[in-house]
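Lifted from TrEMBL, the feature list:
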BINDING   50, 51, 52, 53, 54, 55, 74, 133, 138, 160, 191, 322  NAD(+) binding site
DOMAIN    46-227  domain '3-hydroxyacyl-CoA dehydrogenase NAD binding'
DOMAIN    234-330  domain '3-hydroxyacyl-CoA dehydrogenase C-terminal'
SITE      188  site 'Important for catalytic activity'
Ligand SMILES: NC(=O)c1ccc[n+]([C@@H]2O[C@H](COP(=O)([O-])OP(=O)(O)OC[C@H]3O[C@@H](n4cnc5c(N)ncnc54)[C@H](O)[C@@H]3O)[C@@H](O)[C@H]2O)c1
């Protein structure tokens, strides 16, 4: 299914440093099967759509750990500039903390390119989409990816909650033609991507085993630990996490506790790095609301009803850390 990939001329590939190569080779030997090693090796270039907090993190980790050229697409030039500046800041910080040498940081930066044109993904082997959690937007992007990308490319989504089967179906007007839909899969990275090791891999009804195996292998090459879950509303991570966050917002809304008490009891009582309201701010309140709407709508179960306060905060544009205000000020 895989063909030798075409090189994107604008990418600068650099020689991998000896120590990084040794570390990767050791890691690979520990956790890769022979076929997984082959599948991961077949991915020679990556496209990432959306230079927001998730897309930027995915692009940076792919350049750093998997050492493949990554082309980042965003429809906003401002988001691209902000994302690339943030990537530089993170790499500089790793150099200061002696987690990376200056040479390794420069290598990672040289593997990252960006543009606003999706047509620039015409020769990548693997694409990960990380645009906002809006079904119609994702369907449109996958319809276009099926036309733009090579016929062997894996088309992955970072959706938090939208059905992979529905996203795969959007690639074609003929449901019996699975040539594109069989290459659609979810690689659901956790936030912040450079820190969190877990990635949830989800197949749609149409996803081929080779696509699933390649997604697992490539995420491992990025240094991640994969879990496989079913294409059910919220999958695993958000089926468990979002009702917890939503319940915290309902507790705030109904006066069971104030912001600081809610976050303090969960942080200090369950040994997590932050409370649910602060976590919601970090995830993005718009993303949390979208996921609750999917859980509620697709299960029809009232236990997933989104908090009224959560909806109002999104209406106000108070989306959390990314907009400067959420349950906290940034
Ligand atoms: N934030 C989280 O904690 C988290 C965790 C796991 C998964 N996700 C999922 O990842 C995806 C992205 O979330 P995020 O938090 O990074 O969002 P974000 O709002 O930070 O970033 C989205 C980016 O997509 C860009 N964009 C919008 N429309 C576009 C288009 N048509 N073409 C190209 N780029 C476009 C925006 O300019 C923005 O830079 C969502 O599906 C979300 O559910 C988020």
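All positions are counted from 1 along the displayed chain.
Cβ from N, Cα, C; glycine included.
With a cut-off of under 6 Å between the Cβ and any atom of ligand 1, the binding-site residues 54, 74, 138 reduce to 54, 74. Predicted-model confidence for the domain '3-hydroxyacyl-CoA dehydrogenase NAD binding' (46-227) is 96, expressed as mean pLDDT. Using a 10 Å radius centred on the Cβ of residue 191 (NAD(+) binding site) and all shown protein chains, the other Cβ atoms total 16.
Taking only the Cα positions, the spacing between residue 54 (NAD(+) binding site) and residue 188 (site 'Important for catalytic activity') is 10 angstrom. Neighbour counts were taken at the CB atom with a 10 A radius for the recorded positions 138, 188; the maximum falls on 188. Shown in sequence order, 49, 50, 51, 52, 55, 80, 83, 114, 116 are the residues of the chain, 6+ apart in sequence, with a C-beta less than 8 angstroms from the C-beta of residue 74 (NAD(+) binding site). Working note on the binding-site residues 50, 52: by count of other C-beta atoms within 10 Å of each C-beta, 50 ranks first. According to DSSP, residue 191 (NAD(+) binding site) sits in a coil region rather than a helix or strand. Among the residues the record lists as binding NAD(+), namely 50, 51, 52, 53, 54, 55, 74, 133, 138, 160, 191, 322, the two farthest apart have Cα atoms separated by 21 Å.
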